[in-house]
Each structure stands twice: as structure tokens, then as C-alpha cells.
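The feature Fe(2+) binding site is assigned by TrEMBL to His81, His83, Glu87, His126. If you look up TrEMBL, you'll see His81, His83, Glu87, His126 marked as Ni(2+) binding site.
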Amino acid sequence: MKAYWFDNQPGDQRDDHDSGKLVDSDYLRDLGILYYRCPSIDEVDAIAKERSYKNRDEITVSPEKMGDVYEDKVKMFFNEHLHEDEEIRYILDGNGFFDVRNERDDWVRIRLEKDDLIVLPAGIYHRFTTDTKNYIKAMRLFKEDPQWTPLNRRPEVDENPYRQSYFQASSVMLDLSCPPQHVLRRSAGYMKGWPPGHATCTGIDNF
Ligand code: KMT
Ligand code: NI
């Protein structure tokens, strides 16, 4: 796993788009994202059990497997969307990128490889793409069936109750007086966990 700020440069979605500015796993946690390295399926099963997951499937995203619909599928996965439930993705082979939005709508790009597992919280806006090797095999784990649907971003989805609760939880650390180029520091009372503690602007440059 490697996480960094998306460079917002034009080009193929499958290019790295690496701004060179890393994002650490504490920051991912503040967004409600959990990351685990799972060299065996036992660890995946344990996480799934603890978080009450009931369903799973496997998907191979590649031109070999998908044929003519591959390009359309990859474009579809790259539409910004959310789910009304948590989603777990466990990478079995190949590589891919999950892009996730922070509270300011900046993109964090998370590059995943074999044995990486991420948990995306309900209500977080995200999108997915393969990389230039055009191959990933992943296990998708779902809590329930009905909420598998991706809800593409649009004004009424911004008002969705799952979006609203996610946004409120993740914005706890947002100090609106802090310009984006400055580092936010969490309050002394900050406890590890979700939602994160309050934060204040340090006046120090981010990058
Ligand atoms: C998603 O949520 O966009 C996906 O599940 C993409 C395919 S999983 C590698
Ligand atoms: Ni999704």
C-alpha cells in the first residue's frame, strides 16, 4: 500500500498521478479508512467476522477476463460514488488505485497490491481504477446485499443520511479557519479511533 495526494494532472486515470506528497496511515484513519496487510485468508476472515460481514465475491478486472466491456467497466468504477455501507476490498493479485475524498474534496490516491486489505467507511466518496498493467483480482466483502449499489455523486447524494453522518464524523477535525496549505494539529484530548478528535491550524505549511 502506498497513499499519496493525487496530482490532479490530465492524463489516463490508470497513470500513477503521484504528486510525490505522501499520506500516512494516521491520516487515512482520520478519514475513517482502515488498512491491513493480510498474507493469509485467515486474517481476512477474522476481520470480516469481527465487523459482521455476511457476503463476499471475487472479481478480476482485466481485458482478458472482461473482454470488450473492460474499458467501460474501468470508466464506470472511476465514477465518484459512495455506498450506504462499509466496504472491504482485499487484493488477491495485481494492482489498483482507490481514490478517496477528504473533507475538502482533495483526492488521496491509495495504491493497493496483493495481500492489502482496506475498509472504506459508509458515506465516503471514492472511485477505483486499475493501473497501466490493466489487471487486478480482488475479493469484495459486503455486510449485506441491498446496499451494494454505488450511488454516484450528485446533489441529492450529498444529502444522503449516510453521507451526512460520514461528513459530520470526518469534519470533526476540520478547522475552517485553517487554509488548505497549513497543517492541522489534533487537540491534546485526541484519542485514537473514529471519529477523530478536534484539530486546530498550526500555521505551518503542509508540503
Ligand atoms: C468499487 O467500489 O469501486 C469497486 O469495488 C471497484 C472494483 S474492486 C477492485
Ligand atoms: Ni465503491
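Just so you know, glycine gets a Cβ as well, placed from its N, Cα and C.
Where the annotation comes from TrEMBL, it is an automatic prediction and has not been curated.
Here the features listed in TrEMBL are placed on the structure.
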residue	record	CB count, 10 Å
His81	Fe(2+) binding site	19
His83	Fe(2+) binding site	20
Glu87	Fe(2+) binding site	22
His126	Fe(2+) binding site	23
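Same-chain residues that are not part of His81, His83, Glu87, His126 yet have a Cβ within 8 Å of the Cβ center of the Fe(2+) site turn out to be Leu82, Leu120, Ile124, Tyr125, Pro150.
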